[in-house]
Amino acid sequence: MASFVDRVIVHATGGNGGHGCVSVKREKFKPLGGPDGGNGGDGGSVILRVDGQSTTLLGFHHAPHQKAPNGEPGKGDMRHGFKGQDLVLSVPDGTVVKDREGNVLADLLGEGSEYVLAAGGQGGRGNAALASPKRKAPGFALLGTPGEEQEVELELKSIADIALVGFPSAGKSSLIAAMSAARPKIADYPFTTLVPNLGVVQAGDTRFTVADVPGLIPGASEGKGLGLEFLRHVERCAALVHVIDCATLEPGRDPLTDLDALEEELAHYAQDIADEDPSSIPLTQRPRLVVLNKVDVPEARELADFVRVELEQRGYPVFEISTASHEGLRELSFAMAALVSEARAQEEQREQQRQTVPVLQPEPVRRRRGRDRREFVITREDRAEEPLYHVRGEKPERWVLQTDFNNDEAVGYLADRFAKLGIEDELFRIGAKPGNAVLIGPEENGVVFDWEPTMVGGAELLGGPRGSDLRLEETSRPTRREKREQFYDRMDAKSEARAELEQERRAGVWTESVDARDRRRTSETKETNEK
């Protein structure tokens, strides 16, 4: 079972925002209490935070899917929903966050460094927050927006000052165990070290970290052995230490050929790093120390003395050591400390230069009055010989997600927001006509509707004045003139009905009773006498 993982794929999802509440205050002796729907809470975010106690990404290997809690919906009586708690994920120091295309999103260095991996959704506003002098009691609320979804690759690059590289069984693990309190696995067979080991070394007043990575062999850049998989852990090191086995009995191997093979494999890996990050110092240009190990063996000491001169002619500082007898370890530790101190001083100098360089402050952005067309972009596309107008922008897309399309009043409110933002004016300007299809948002999950300008549509959709709640509207009383017109209309309708019945009676369509005939004749006689 894996105990060390330095590269994982993580699927992070922020919590959804809670929906706003639609509520009207109900209280005795207050028939028009007004809206009191609360706002929904924001969804929780997924946050990566550097934890000094964390040393591996093993937890994400077992649980790659991480989702933050949702925000709670709003309630009546002005009760707002609780915000979803942020999901904080602990990662080791030196974790690099990349997207699926390999672009670096964040490089987390230092205790407490954070990166928001997936932001939570925004909570919807309740109808109390949407009330205005013109919209006193909204009958709708805004929905909460969904949280962000992101799939990233987490890659661990160990934070060490010195890196030990060499062939398998060269004594790298024995060296780090002899110089520090680290206790890596040590055995007499190749590839005993399968994961990087870190050890802290104290040399005088300098304290630094040494990293031991799995061994390299010729052809590692082509995938032989363990390949170059673990060399990412030496990218941050200030110096490299080549550990050469002088007691090996393998044919065709000697300290010089081993060193040349290591340099060749490092050059292949350095090219890959340069392609990803051109600003980093290549591995081939970093300081180096050559350690000739196992000189406690007589034949190994003779070989070390033989190749030492040529190595020094190449410009390498050479140290003859023995991890068994601890010979030469003190001199080696102080040489490492000198390289680390020099690298730290150079880093401090570069940091001071970055601070002293004047920073050009951009001109403050002043909010423009009126509409800003930069908040959205409209493009025309021809689909099946019909024009389609595609609207993209942070505000329009968020407003669509917040709209409950089952509520006509909410749809009217969305149309008002679009009109104030200037989308309708822009559609008119580029030649859109009523009835054309308009797509808001991305292709895969956008909203498509037939465009009808608000000047000709809106109130018809709501069945009443848009932006008001018909439940709280006072019934308007008809005027005296309207009552008179309604009375005359009813009298004319009755006269027309009586005339139609008389024509049917005379035509013999129906006959009247004796009592009805007597009443009719009496009425006619009375009308004649009055005339």
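A Cβ is built for glycine as well, from the same backbone N, Cα and C atoms used for every other residue.
Owing to the predicted nature of the structure, the values given are computational and were not obtained by experimental measurement.
Listed in Swiss-Prot:
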{"type": "DOMAIN", "residues": "2-159", "note": "domain 'Obg'"}
{"type": "DOMAIN", "residues": "160-341", "note": "domain 'OBG-type G'"}
{"type": "BINDING", "residues": "166-173, 191-195, 212-215, 293-296, 322-324", "note": "GTP binding site"}
{"type": "BINDING", "residues": "SER173, THR193", "note": "Mg(2+) binding site"}
{"type": "REGION", "residues": "346-365", "note": "region 'Disordered'"}
{"type": "DOMAIN", "residues": "368-453", "note": "domain 'OCT'"}
{"type": "REGION", "residues": "459-531", "note": "region 'Disordered'"}
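Note: the CA-CA distance between SER322 (GTP binding site) and SER173 (Mg(2+) binding site) rounds to 13 Å. Restricting the binding-site residues VAL195, PRO214, LYS294 to those with a CA within 10 Å of the CA of SER173 (Mg(2+) binding site) leaves PRO214, listed by sequence position. Counting residue by residue with DSSP, the domain 'OCT' (368-453) contains 32 helix, 22 strand, 32 coil. Within 10 Å of the C-beta atom of SER322 (GTP binding site) sit 22 other C-beta atoms, taking all shown protein chains into account. Shown in sequence order, GLY171, ASP245, CYS246, ALA247, ALA300, SER322, THR323, ALA324 are the residues of the chain, 6+ apart in sequence, with a C-beta less than 8 angstroms from the C-beta of LYS294 (GTP binding site). Looking at SER169, SER173, the binding-site residues in this record, the fewest other C-beta atoms within 10 angstroms of the C-beta turn up around SER169. Fewest other C-beta atoms within 10 Å: among the binding-site residues GLY166, LYS172, VAL195, PRO214, that description fits VAL195. Look at GLY166 (GTP binding site): DSSP puts it in a strand.
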